[in-house]
Amino acid sequence: MKLLLLSALLGCLATAYAAPAEGIVKWCVKSEQELRKCHDLAAKVAEFSCVRKDGSFECIQAIKGGEADAITLDGGDIYTAGLTNYGLQPIIAEDYGEDSDTCYYAVAVAKKGTAFGFKTLRGKKSCHTGLGKSAGWNIPIGTLVTESQIRWAGIEDRPVESAVSDFFNASCAPGATMGSKLCQLCKGDCSRSHKEPYYDYAGAFQCLKDGAGDVAFIKPLAVPAAEKASYELLCKDGTRASIDSYKTCHLARVPAHAVVSRKDPELANRIYNKLVAVKDFNLFSSDGYAAKNLMFKDSAQKLVQLPTTTDSFLYLGAEYMSTIRSLKKSQATGASSRAIKWCAVGHAEKGKCDTWTINSFADGESKISCQDAPTVEECIKKIMRKEADAIAVDGGEVYTAGKCGLVPVMVEQYDADLCSAPGEASSYYAVAVAKKGSGLTWKTLKGKRSCHTGLGRTAGWNIPMGLIHQETNDCDFTKYFSKGCAPGSEVGSPFCAQCKGSGKARGGDEDRCKARSEEQYYGYTGAFRCLVEDAGDVAFIKHTIVPESTDGNGPDWAKDLKSSDFELLCQDGTTQPVTKFSECHLAKVPAHAVITRPETRGDVVSILLELQAKFGSSGSDSSFRMFQSSVEKNLLFKDSTKCLQEIPKGTKYQDFLGKEYMIAMQSLRKCSDSTSDLEKACTFHSCQQKE
């Protein structure tokens, strides 16, 4: 009995000891000054404890191992924390005010009266916030490399630090190798911590102020208000401007510092809730600790929780990722030795892509290789991460990809005559189709069953739902349609009720309502099949789908169908034969386009033009056809494609989609449910898009 009581007592003590620890947030700090501030916070708020490490990398390792839970990092370190070997993610962003701005400006600052500009920095002395940091290293050095001021062939040639050492006469870049030219101007141990007096924004400015350096790469707020008149910004065009002109004279806008932690939603919520509940302690002040920007930047005004799907790549954006990659590039090689990694969605597309790869082999190499993903959105993520390079997508997906910093580079052309003499931009008509004699019109759709190509796609969702939203001003489309199939919808949604899956005896339900070709009602042909098989009353598709799938042109399930058995629903409430699409349609919309990262545009265009000459509609090699699909319809490209045409360099996704489409999307985006988690993550910052 005594033994049982003792065991019970020990169990209670263990529980009592573990409970507070479970709720405690272990904050990682990098200096004695930060440790003092953290201890003061922990004394006020018992839910915090402090873990001391030597630097950001050591903190990242400690968080991965569970020794610590969180730290605030700048963009360069957020990139490192998100790499596969660490697997951390940003969970909370600093907000610097000015209408909730989670971005800041990276600038180059010099003393007033010194006679040089950004284009004449060679041989000058430089002050950096730290090696690998956003404003202090990645942005300025990336810009100098991109502009060919710093000549660097790649890491196979030599480290970028070596090229920077040759460019500047001397520097202080905390975190560089002690004894190197990059540490020559430093005042302390050149460590990436407050042990080095010239570390971080305040330190880099002090390096400039003390006369150690000629230029400091910092943020504008690092220059004290009382001293602004003595300093100037160096603009990228070679001119100078006042410190307060940073909005027009800067190197880049970069994502705010963010709190990173392990990929654990419960832990992320706990950290955020504990931080916002802090009272009687100023998280955003470092007064009294003999340093600045401790734990958080002093310029932060509040904290903003990030969408749960946000990872470091989505947080930083394609443009900033491109800058970081430019500093980690391998030695450049000719385009002829490169292969572009095409992203295929689902097994059927992967099969066609593999065939494309095999047929593209020449001289021991192929110009195309294949990656696969379960959805287009996952492909967009892969392209952002450089795990894939390109994919052809619908206009709605061009919109999402554009929000994520990717660019449209080639467009499908459906008119063979325009392949040799292009006129206006390639386009198609979004139409509403019903069975002839159904009595259905555009005005009587409410309460009916709907067939969509996919959630967020142009003809199948964005255009019809955008029009319906303009009429009803109601974002709950389940009140409008009784049920339907819109692949990509939440499982259990009325818009999954009519989906079919793959039809396979095993695993068929796994594909049900998924936005991939295994779902038999996915895509243009799938939405039409949904109508044909009486799973829906109306199909929202492209104008060519009915003739392509009927009168003996379609697959087995459509072999007995006649195009005359179907009709178009016009917006004025009338109906028309399917041949009258130019008069009876919901919208004229841009064709599907190939998207990629900004820095791979040239390679993707040149290789696709080369492959098109070989495997296009009138290509020289008939062993493979890029624009034909044998197993299923519209794999990799739409089967109606006659050629791919280059989109003029510099064309923004907004210009490609056109004013009408953008207006429709902006209307639809008033409905938060119509915005994907990916798009929400990509549009969290105002600075993720290229200016």
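Backbone N, Cα and C define each Cβ position, glycine as well.
Swiss-Prot annotates Tyr428, Tyr524, His592 as Fe(3+) 2-binding residues; of Asp389, Asp394, Asp474, Asp560, the candidate listed for that same site is Asp394. Asp74 is the residue from Asp74, Asp77, Asp287 that Swiss-Prot records in the Fe(3+) 1 site together with Tyr104, Tyr201, His257. Recorded disulfide link (Swiss-Prot): Cys343 to Cys379, out of the candidates Cys370, Cys379, Cys404. The recorded positions near Cys186 (disulfide bond), taking a 10 angstroms Cα-Cα threshold over the set Cys127, Trp137, Cys207, Cys643, are Cys127, Cys207. In sequence order, Asp394, Gly396, Ala430, His452, Gly454, Thr458, Trp461, Asn462, Gly523, Tyr524, Ala527, Phe540, Ile541, Lys542 are the residues of the same chain, not among Thr453, Arg457, Ala459, Gly460, whose CB sits within 8 A of the CB centroid for the hydrogencarbonate 2 site. Take the Cα of Cys235 (disulfide bond) and measure to each of the binding-site residues Thr129, Asp394, Arg457, Gly460, Tyr524: the nearest one is Thr129. Within 10 Å of Tyr201 (Fe(3+) 1 binding site), counting C-alpha to C-alpha distances, fall the following of the recorded positions Cys28, Gly136, Thr453: Gly136. Counting every protein chain shown, the number of other Cβ atoms lying within 10 Å of the Cβ of Cys379 (disulfide bond) is 26.
Classification of Gly460 (hydrogencarbonate 2 binding site) by DSSP places it within a helix. Comparing the disulfide-bonded residues Cys172, Cys186, Cys570, Cys643 by how many other C-beta atoms lie within 10 angstroms of each C-beta, the top residue is Cys172. Sequence-distant neighbours of Cys343 (disulfide bond) (same chain, 6+ apart, CB under 8 A from its CB) are Cys370, Gln371, Asp372, Ala373, Cys379, Lys382, Ile383, Ala388, Asp389, Ala390, Ile391.
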